[in-house]
């Protein structure tokens, strides 16, 4: 019996995931996008959902709530896996919280880890966490048999979801440091500081501190913050160099939502510095050099 897979969102990660899943000939894959020219087959989302055993959400965070509202009544035993990393703007909820709110908890998962779309498209091997229960993990793992993406289970759906949000913000910060040409030594200072702060912040989102040290946390942060393909890193570098930013990254968009949720007084030093530079327009060099004192 073939695995009926639907990918919602044909952007960078959605199209890269399509290429990965095509490595398993037992997967029958459909893809839907708001740009109907990219859909296969040419059907509405509501028509495609009931025919899927697995749905991968690869859409921007601001679209998650409305998307779930459209399709949840068509979902019965379908397993929903989200790759979206961000916070819904109106309610300030994580993707995992929206999934729990709208769907069966025993049919949802968060896929997180070092999965740069450019490298996935090139067929390079990697490993990621699937935050789910054991039953869902076993079923989803079969989709990736004979593909370059390997999975390990993580029992912390909210921690995995929050890690994706926080690592985007810290990748933005590390991009600022690189844009200031502060050097590899300072990067060596800031990366463990970011990880330490993630350990402190994850419980505020209902996650576990230990998740910061997994592939969903430190693993994803290292990949995102060191790659020229990362929009978060690039945005941070442009801000540091006073370049005009025409399209802000998911990290920059999530930053004010995270601050609103946890409160200004609870911001740890590195995130506070990112907040001051990106949103308060403070001097990047002075602000970041203060982190070393």
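Glycine is no exception: its Cβ is also placed from the backbone N, Cα and C atoms.
Under the three-state DSSP scheme, residue 9 (NAD(+) binding site) falls in the coil class. Taking a C-beta cut-off of under 8 angstroms and a sequence separation of 6 or more, residue 9 (NAD(+) binding site) has the following same-chain neighbours: 32, 33, 57, 58, 59. Annotated NAD(+) binding site per TrEMBL: 9, 10, 11, 12, 13, 14, 117, 231, in sequence order.
The domain 'Glycerol-3-phosphate dehydrogenase NAD-dependent N-terminal' annotation in TrEMBL covers 43-135. For the domain 'Glycerol-3-phosphate dehydrogenase NAD-dependent N-terminal' (43-135), the predicted model reports an average pLDDT of 94.
Counting every protein chain shown, the Cβ of residue 85 (substrate binding site) has 27 other Cβ atoms within 10 Å. Residues or ranges marked as substrate binding site by TrEMBL: 85, 231, 232.
Taken from TrEMBL, the feature domain 'Glycerol-3-phosphate dehydrogenase NAD-dependent C-terminal' covers 156-287.
Following the DSSP three-state reduction, the secondary structure of residue 167 (active site, proton acceptor) is helix. Remark: residue 167 (active site, proton acceptor) has 85, 194, 198, 217, 220, 221, 224, 225 as non-local neighbours, by Cβ distance under 8 Å and separation of at least 6 in sequence. Look at TrEMBL and you will find 167 tagged as active site, proton acceptor.
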Separation of alpha carbons, residue 232 (substrate binding site) and residue 13 (NAD(+) binding site) (Å): 15
Lowest local Cβ density among 11, 14, which the record lists as binding-site residues, within 10 Å: 11
CB contacts for residue 231 (NAD(+) binding site) [other CB atoms within 10 A, all chains]: 20
